[in-house]
Amino acid sequence: MENMFLQSSMLTCIFLLISGSCELCAEENFSRSYPCDEKKQNDSVIAECSNRRLQEVPQTVGKYVTELDLSDNFITHITNESFQGLQNLTKINLNHNPNVQHQNGNPGIQSNGLNITDGAFLNLKNLRELLLEDNQLPQIPSGLPESLTELSLIQNNIYNITKEGISRLINLKNLYLAWNCYFNKVCEKTNIEDGVFETLTNLELLSLSFNSLSHVPPKLPSSLRKLFLSNTQIKYISEEDFKGLINLTLLDLSGNCPRCFNAPFPCVPCDGGASINIDRFAFQNLTQLRYLNLSSTSLRKINAAWFKNMPHLKVLDLEFNYLVGEIASGAFLTMLPRLEILDLSFNYIKGSYPQHINISRNFSKLLSLRALHLRGYVFQELREDDFQPLMQLPNLSTINLGINFIKQIDFKLFQNFSNLEIIYLSENRISPLVKDTRQSYANSSSFQRHIRKRRSTDFEFDPHSNFYHFTRPLIKPQCAAYGKALDLSLNSIFFIGPNQFENLPDIACLNLSANSNAQVLSGTEFSAIPHVKYLDLTNNRLDFDNASALTELSDLEVLDLSYNSHYFRIAGVTHHLEFIQNFTNLKVLNLSHNNIYTLTDKYNLESKSLVELVFSGNRLDILWNDDDNRYISIFKGLKNLTRLDLSLNRLKHIPNEAFLNLPASLTELHINDNMLKFFNWTLLQQFPRLELLDLRGNKLLFLTDSLSDFTSSLRTLLLSHNRISHLPSGFLSEVSSLKHLDLSSNLLKTINKSALETKTTTKLSMLELHGNPFECTCDIGDFRRWMDEHLNVKIPRLVDVICASPGDQRGKSIVSLELTTCVSDVTAVILFFFTFFITTMVMLAALAHHLFYWDVWFIYNVCLAKVKGYRSLSTSQTFYDAYISYDTKDASVTDWVINELRYHLEESRDKNVLLCLEERDWDPGLAIIDNLMQSINQSKKTVFVLTKKYAKSWNFKTAFYLALQRLMDENMDVIIFILLEPVLQHSQYLRLRQRICKSSILQWPDNPKAEGLFWQTLRNVVLTENDSRYNNMYVDSIKQY
């Protein structure tokens, strides 16, 4: 029995091991890129690994990758094995490693800078670009490949630049060494070995800005085209410094001897506030120069001789100096006939607030000038005569007069500019014009001495940006695209009179934001500029009390009225928006962040031309209140609307009727950042053109069972930042149009494969899942297999698709999860039925063996005998009349056999019976089994003296089977039972034998007077054949067969 169980257990274990090994083979390789996102772009293969919390270079990067971005990680070591096998790399970005900014989220990471083994990049023979910015490197890495053409070491701790580090890089074209020793670094000076750059004969760009140099490095290669020496503490530029740089096109010397007043960073001026000393012949060999930056060098005079040999100079930056006098005289301007951009911003005299601006007549010589920046000159009034020198410039298209605190301006002067496209007057003090008189409520004699800082107070500067020059577009590109632009934002035009813009009839883009305007527009204010197409009135206090507002602007296409909530918040004030219906060309209307919760008289918006409406940041939760049906159709009249933004409206639910009254022409619907717990998906059937549905930032708990039942046009579905915990099976079953599905930042613990399977060809190309608390058990394996089967579906930032449970998997990506111990459902079913079958069979076999063993054995032998027929065997010679089998270990039984049974059979007066006894007749030295077989075979009968104990012993069973074997082999029934105790009461064999040959079963009598009869009967049974005493009824029935 035990052996049978052992064998079945071993078989089961072997089967499980085989199944597990198959699973291991199937799961150990994943074809989806991880932890990086790999993509093809033109002829390049790019691996995007930035900001993935990596602590080492991943070994899973494909060997065909050409560009590898490892920036913003926690990598601390680069070794010779880091890029092994990546011989195709042409660009490596290791900027910001370790990422100190985000180190608090990984306290186990020690940040001592990036440690690079010598020669770690040497075997990358195709490497062209190597970016190692902000890595706390103490020196230039050694053993760099000669193939490098660009090397960036910005924001490190490199204080010594020697030939040993870069002399071998003969193919280098761009070298960035800026921001290594600047104002917040503990260093005294940057040491540059003499002639260190001399051997770099192909070098075209060299950046040494924000280092403590004190002088221009000597022996610079003549191949240089761009040289950045900003904020390098250089006080003197000699005639020899740039003598050999005949190919130089860009030179940045800004920040040397800086103007430090109001500086938003630690600033050290030159002694006595002196300006940088530039030799008059310092630039005489720079004949190819196109760009020169002398900003913040405390210049008070401009030497015209500097520009004598600069015939191609196009951009000149002179910001943050003391050049008010030079702007007035302008002798140097005569040397710049091809100058296109001139920046003279923030050259004001501290404490001075002149009435007018004074510019030189020599400005008229700048015939190629396209943009003039004069921010921060600081004056009170701009007259036509002041800009007379500029009016004849044929190419001038941009005038920047921002942050000048101008109070009055004669707009008529701008009519004299033939090609002017951008007029930037933001952040001044321009007041309303009423009856040709400027209204000023400011003290004209006062001047705000606190000039706005030229840079943000944020010390995290962009090392790649122009440190002093304002690089953002002056005007929104969307606005400037319509034509001539005027920016009057952040002024004091709190009232617009009919004559305000009478001298600017050709304005197409107008920005009047942040003027504290609380006017009731009546439809006449902009009559002088009827061709305006883009109007920005944001951040004012406009009162929409007149239904004719803005109707004079018949060509208006974009109207921005956002952040005018002042009067919309007041319930008792009239709120008219029906003026919108008067615009026949209006395409975009922005009413966001106005807290609109009530309208007057007319409750619906109407427009036949409007294409886009931004209604975010209002109070639709009140407008669509269950108890108020007036605004149910507020958007129904917008017949051609394609994009509607209803975000940030505090909506907890959307009435079905209100949703059905949205324009059927919608292609984009944004309902993000509300408080919706339920969304009626069935209503999407009313929008046959809807392509984008944005439901981000709500509290949705459930999704529809089948999206295809309600929309066939949807391409983008955004559901991030909700509370969705389950993705229904069949969610995308027949959706063929959906391309982008965003399920990030929800409560999904697992995703069933059936939820993403489609019956038709799917177009799904983007699936976002990061930020979900996935439960990484074997149930996630189904989704993992789907990921491997659908490589065309991009899952961005797989490193952020992480496990929340169980504890040992917490924080791991589901892609890195080891699922080899998991068994598939099919395999699990097969194993279950297999083990169930084996276990059941073993149990049934054990039960049958216990209950029906003899019956089976007997039937088997009867059948076998029937098949083989009767064969007479030669009978062995017998010496004994009977062999007595008894329990020799039982003293009472042994005594009964020797003194009673032997006496009455062998020593009786009647015919004696010769018995074979174990303790008397067995041969010494012969094996027990041999003695037993010999005793049974040499005796005519075998008598079993049975007790309860002996009937259970193996000795009895062995002797019984041997005696029974004679019946099979010799057809001789030799068995006789003497029952000293009632035993084998339920034995099928004993019951059958009692029916066939009852006399062969004797029981020791309880009555002593019956013992004589017992001995006589035993003697007769031993001396006669058993078959002569068979019950004829049974014998005859057997003989028939």
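Backbone N, Cα and C define each Cβ position, glycine as well.
Summarising the annotation, Swiss-Prot assigns N-linked glycosylation site to N29 (among others).
Feature annotation from Swiss-Prot assigns N-linked glycosylation site to N42 (among others); the stated evidence is sequence analysis. N42 (N-linked glycosylation site) carries neither a helix nor a strand DSSP state and counts as coil.
The N-linked glycosylation site annotation in Swiss-Prot covers N80 (among others), and the record cites experimental evidence as its basis. Proximity of N80 (N-linked glycosylation site) to non-local residues of its own chain (separation of 6 or more, Cβ distance below 8 Å) is seen for T117, G119, A120, N123, given in sequence order. Look at N80 (N-linked glycosylation site): DSSP puts it in coil.
Cβ environment of N115 (N-linked glycosylation site): T76, H77, I78 lie under 8 Å away, each six or more residues apart in the same chain. Taken from Swiss-Prot, the feature N-linked glycosylation site covers N115 (among others).
Annotation comment: Swiss-Prot describes N285 (among others) as N-linked glycosylation site, evidence class sequence analysis. Reduced to three states, the DSSP call for N285 (N-linked glycosylation site) is coil.
The annotation N-linked glycosylation site is assigned in Swiss-Prot to N358 (among others) on the grounds of sequence analysis. The secondary structure of N358 (N-linked glycosylation site), as reduced to three states from DSSP, is coil rather than helix or strand.
Annotation source Swiss-Prot lists N-linked glycosylation site at N362 (among others). Here N362 (N-linked glycosylation site) comes close to S329, G330, A331, L333, T334, P389: these same-chain residues lie at least six apart in sequence, with C-beta atoms under 8 angstroms from its C-beta.
Less than 8 angstroms from the CB of N395 (N-linked glycosylation site) sit E340, L367, S368, L369, R370, N419, each of them six or more residues away in the same chain. Annotation note: N395 (N-linked glycosylation site) sits in a coil segment as assigned by DSSP. The N-linked glycosylation site annotation in Swiss-Prot covers N395 (among others), and the record cites experimental evidence as its basis.
Around N416 (N-linked glycosylation site), the C-beta neighbours below 8 angstroms that are at least 6 residues distant in the chain are E384, F387, M391. The N-linked glycosylation site annotation in Swiss-Prot covers N416 (among others).
Residues or ranges marked as N-linked glycosylation site in Swiss-Prot (evidence: sequence analysis): N443 (among others).
Here Swiss-Prot flags N546 (among others) as N-linked glycosylation site, drawing on experimental evidence. Long-range neighbours of N546 (N-linked glycosylation site) (same chain, six or more residues apart, CB within less than 8 Å of its CB): V520, L521, S522, G523, H576, F579.
Annotated N-linked glycosylation site per Swiss-Prot: N680 (among others), in sequence order, evidence recorded as experimental evidence. Counting every protein chain shown, the number of other Cβ atoms lying within 10 Å of the Cβ of N680 (N-linked glycosylation site) is 14.
Summarising the annotation, Swiss-Prot assigns repeat 'LRR 6' to 247-268 and lists experimental evidence as the type of evidence. Per-residue pLDDT, averaged over the repeat 'LRR 6' (247-268), rounds to 92.
A Cβ distance under 8 Å defines the sequence-distant neighbours of the repeat 'LRR 9' (338-360), meaning residues of its chain 6+ beyond its ends; these are 261, 295, 311-324, 327-331, 366, 368-383, 386-387, 389-390, 395, 400, 404-405, 447, 449, 451, 454, 469-470. Per Swiss-Prot, repeat 'LRR 9' is recorded for 338-360.
For 640-661, the entry in Swiss-Prot reads repeat 'LRR 19'.
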Next item on the list: Please report how many Å separate the Cα atom of N285 (N-linked glycosylation site) from that of N358 (N-linked glycosylation site), as a whole number.
Entry: 33
Next item on the list: Express the distance between the Cα positions of N680 (N-linked glycosylation site) and N42 (N-linked glycosylation site) as a whole number of Å.
Entry: 43
Notebook entry, point to check: Per DSSP, what is the residue count of the repeat 'LRR 6' (247-268) in each of helix, strand and coil?
Noted result: 0 helix, 3 strand, 19 coil
Checklist line | Pairwise Cα distance for N358 (N-linked glycosylation site)/N42 (N-linked glycosylation site) [Å, integer] | finding: 54
Check: How does the repeat 'LRR 19' (640-661) divide up by DSSP, counting helix, then strand, then coil residues?
Finding: 5 helix, 3 strand, 14 coil
Check: Taking N42, N285, N358 as the glycosylation sites to compare, which has the smallest set of other Cβ atoms within 10 Å?
Finding: N42
Margin query: Please report the three-state DSSP label of N546 (N-linked glycosylation site).
Written below: coil
